Amino acid sequence: MGRSISVSFGLLVVFLSLSGTGADQDCLPGWSSHEGHCYKVFNLDKTWEDAEKFCTEQGNSGHLVSIDSKKETNFVAELVSPNIKETRRTDFVWIGLRAEDKRQHCSSEWSDGSSINYQNWIEAESKKCLGLEKQTRYRKWVNLNCGKPYRFTCEI
């Protein structure tokens, strides 16, 4: 009987150590985990370029958030909404998408270099940087002036 309990306890310890005990186990304090990545909302007003630079300085291949699915859209929206402090600049939050003019052909990719596999535009406009809009509960992408300062979310 004692040996059976010991073996069962040992298996439980191995299972818990392999499965982890919390959602944020691999993320730094203050960061949130989702499908192998860590996310953090920053209540700092920065231009798109400065926000991207700030995210790269966070380490571990950090960039402005890239959104690859509806599931990730919902995760980011639910992370942003309660964590943005209300100011006049909280109507938009930068994401890592910017249209770049390469040889007069407009191409877009995430700031981490990954391709766009999922799209959630409000409407196409000529402005080159994208963000999430509060009016859509931070679930739709909107074109914004890259030089305006907004809050942002980093992903590592």
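Yeah, the Cβs are placed from backbone N, Cα and C, and that goes for glycine too.
The feature signal peptide is assigned by Swiss-Prot to 1-23.
Annotation comment: Swiss-Prot describes C27-C38 (among others) as disulfide bond. A simple way to gauge crowding: the CB of C38 (disulfide bond) has 19 other CB atoms within 10 angstroms, across all the protein chains here.
The feature domain 'C-type lectin' is assigned by Swiss-Prot to 34-155, with sequence analysis given as support.
Annotation note: C55 (disulfide bond) sits in a helical segment as assigned by DSSP. Same-chain residues at least 6 positions away in sequence with a Cβ under 8 Å from that of C55 (disulfide bond) are, in sequence order, G62, H63, L64, G96, S111, F152, C154, E155, I156. Marked as disulfide bond by Swiss-Prot on the basis of sequence analysis: C55-C154 (among others).
The Cβ neighbour count for C129 (disulfide bond), using a 10 Å radius over every protein chain in view, is 26. The disulfide bond feature in Swiss-Prot is assigned to C129-C146 (among others).
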> Where C129 (disulfide bond) and C38 (disulfide bond) are concerned, what is their Cα separation in Å, rounded?
Replying inline: 22
>> I'm trying to understand the geometry here, so how far is the Cα atom of C27 (disulfide bond) from the Cα atom of C146 (disulfide bond), in Å to the nearest whole number?
In response: 29
>> Using the alpha carbons only, what distance in Å do you get between C146 (disulfide bond) and C38 (disulfide bond) once rounded?
In response: 24
